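Noted in TrEMBL for the protein shown:
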| type | residues | note |
| --- | --- | --- |
| TRANSMEM | 89-112 | transmembrane segment |
| REGION | 152-171 | region 'Disordered' |
| TRANSMEM | 382-403 | transmembrane segment |
| DOMAIN | 409-540 | domain 'SSD' |
| TRANSMEM | 435-453 | transmembrane segment |
| TRANSMEM | 483-503 | transmembrane segment |
| TRANSMEM | 515-537 | transmembrane segment |
| TRANSMEM | 589-609 | transmembrane segment |
Amino acid sequence: MQRRIVLNTDIHITVALGLVRSTAVLRTCHFLPGNPSHLRAIHVAIYLGNMATTDPLDDNCILMEESQDLRQNRPTGVCYKYAKFLARFWYVMGLVVLVVVTVLAVVTFKVYDLPDFPDPSKGFEARGTLITSRLFSIDNLKRHADDLLVTDPSDDVQDENRRYAPSRTKRQASNRTYSGIKFCTSLWSSRGYSTMVFEAVDETNILTLDAIKSVCKAERRLVTSHPLYQANCLCHGEGNGECPTWSLGNYAALLANKTSCTEIEQEDVIRLTDLLTLCAPFLSNWTQGHGNVPPECGQHDHAAFAILYYLLPTEFSQSIDSKTVAPRSLICAVLYPIDSGKDDVLETIYEESVERKATTDGITRLKAVDFSIKYKLFKKQLYADSVYMGISAGAIFLLIWLYTGSLLVSLAAFLNMMFSLVMADFFYTVVFVRPFFPFVNLIAVILMLGVGADDTFVYVDLWKKCLSELGDRDLPRLVYETLRHASVTMLVTSLTTAAALYATAFSHIIAVRCFAVFAGTAIIMNFVLTMTLLPAVVVMQHKLTALCCSLKICSGLRQCKGGCLEILSHRVKMIYEELIPSLVLKLRYAWIILFLLLMTGGAVVIFYFPRFRLPSSSDFQFFVSSHYFEQFDFVYRKQFSFSKETFSDSWGSVVWGVQAVDNGDMWDPDDRGTLALDDGFEFSSPEDQAWLLGFCQDLREAEFYTADTLDCFIEGFC
């Protein structure tokens, strides 16, 4: 039956169908100017009792039945039902996501400890390798030595021979008293004192009166004048007044019987230099326990040897011993009588004095610091530098806002990023039960900023494209088409990125493994949220816009937004849609040449000069190379005798009866496994013991063996 609808002058349309009268609301109507008979696509909602139908109208305002082709092209299946659910119940999806993320966050952050980084270098050692397995097996053997090994009586004598002479002589001079300046304790106690390294400006000699006094003033300006220094130095509570440092100036004052380095004169410096010249050739013999040293070198608790061993570089003693140049040094060290274990005190002194006050006076300058607070300061600096991450996040948020033109969508994009990290932490900690969280996992935040912004741009672009093609008459169809295109694109990019990250989970480095799992999981969680939370927010934004327009407040909203935002948004779109494509097309050959040159230059830098190199130092670098802590570890530490390794030569151990296995948790750097004995090892037969005796003799004759004695226990029973 054909049903003709008569248009009244108002917006309401009355339809008479049998005995039922219903009122329909005209939703959209397009008129050509001056010809009201041309109507296009009028949608009329006719309410018949409890039933509501929506049918299209033809040009004569005749209600038409839905075409058979339109019904056949309507999508079906689970995906369409999901899109239909998002279109109608977007708020339910938003609440579900919010509740789930909240529960996961509570479980993760309340039940488990928050990530902490007391030792940032932890986790950067290889696990599961042959060398690591052997080292861990020896460590486990040493921990169980009391239960498994028999003590060799000769060990005590050998341990004594391994000690340096300074450790033996410190007891002999600890009770002596001197006039003039008085140190808190003997420098030979080797308690890990805090150290500073000063350098003479313009590469001049630091063994001059002006330079020594300059260092004296600098140490007071930077450290000793701080209230915490006097309250925590080793002399505190002993009634000795100030706590003098171990420095060239104070030793010169000690030798001249003066109470402060500020009182020394030129002849005191000459006396100090002459003494060092006399004693330097005997330093090597004295540290090895040999005698025959001049009596002047043993005065004041072996002050000359203390200066050569602790305060001046090894090169200074070697140059005097070879008699190649006059006594001259560019650098010197200053040791402070503060236990390095008082990291809170040293951190405060460093931040309030060393970092804020001048470190040079034109004569000398501070070059390096060792306060044993490198790890603690790095953790604090890591949190402080998060402000830069916040700045980048704010810039990305502004770009998303300008590009999408929606504050709500921009907020949803950032909620996606944060929720992805929370969910990734839940899976990492609770589901995967990873016991170690390295600081490199924080790099995943930067990764999420880029990936989350890209996914937002892709979804919003596809939404606008589908909206322009389909219109908003069928909102479920619009959501379905957008998700159909966006899901494929995002799924491919998310899976490839996550797969590349998960592949590195097979690395021998624990920190790399942990980062791979955490970052890869965050990528997957971001995809899930982009398919759930972001579409719901986009639908909400669309309905809010339609509601505002129906209430005729769109113009008012534009005025509230202000013209600047729309102008910026328009110009940003022009850059993305017009300027960049134009530059790419017009300068395509120039871009090809430019990037080929960049690729060539990168290949030269990586493979030729300076080329890619593996780390060659046992120290772990956390700050820039110019930082005081890094300068000491990588430049100046090895120049002083006191900070070098106890043995210049390498030593090795040959162990039988222990399996070289790393059976600890490969995800936990603190778990080094347990001792695994070799049940097949036998050493009871005379043949085995004779073979070991011959092995020790052959080892002693090897070219790489340079020690005086060989610690081979079987020889003690021969």
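Note that the numbers count up from 1, one per residue, in the order the chain is shown.
Even glycines carry a Cβ here, placed using N, Cα and C.
Long-range neighbours of the transmembrane segment (89-112) within the same chain, counting only residues 6 or more positions beyond its ends whose Cβ lies under 8 Å from a Cβ of the stretch, are 419, 422-423, 425-426, 429-430, 529, 532-533, 535-537, 539-540, 543. Away from its own ends, the transmembrane segment (483-503) comes close to residues 79, 82-83, 451, 454-455, 458-459, 462, 466, 515-517, 519-521, 523-524, 526-527, 530-531, 535 of its chain (Cβ-Cβ under 8 Å, at least six residues beyond either end). The list of residues near the transmembrane segment (382-403) in space but at least 6 beyond its ends in sequence, with Cβ under 8 angstroms from a Cβ of it, reads 117, 120, 409-410, 413-414, 439, 442, 445-446, 449, 453, 456-457, 460, 565, 568-569, 572-573, 576. In the predicted model, the domain 'SSD' (409-540) shows an average pLDDT of 95.
Secondary structure of the domain 'SSD' (409-540) per DSSP (helix as H, G, I; strand as E, B; remaining residues coil): 116 helix, 1 strand, 15 coil.
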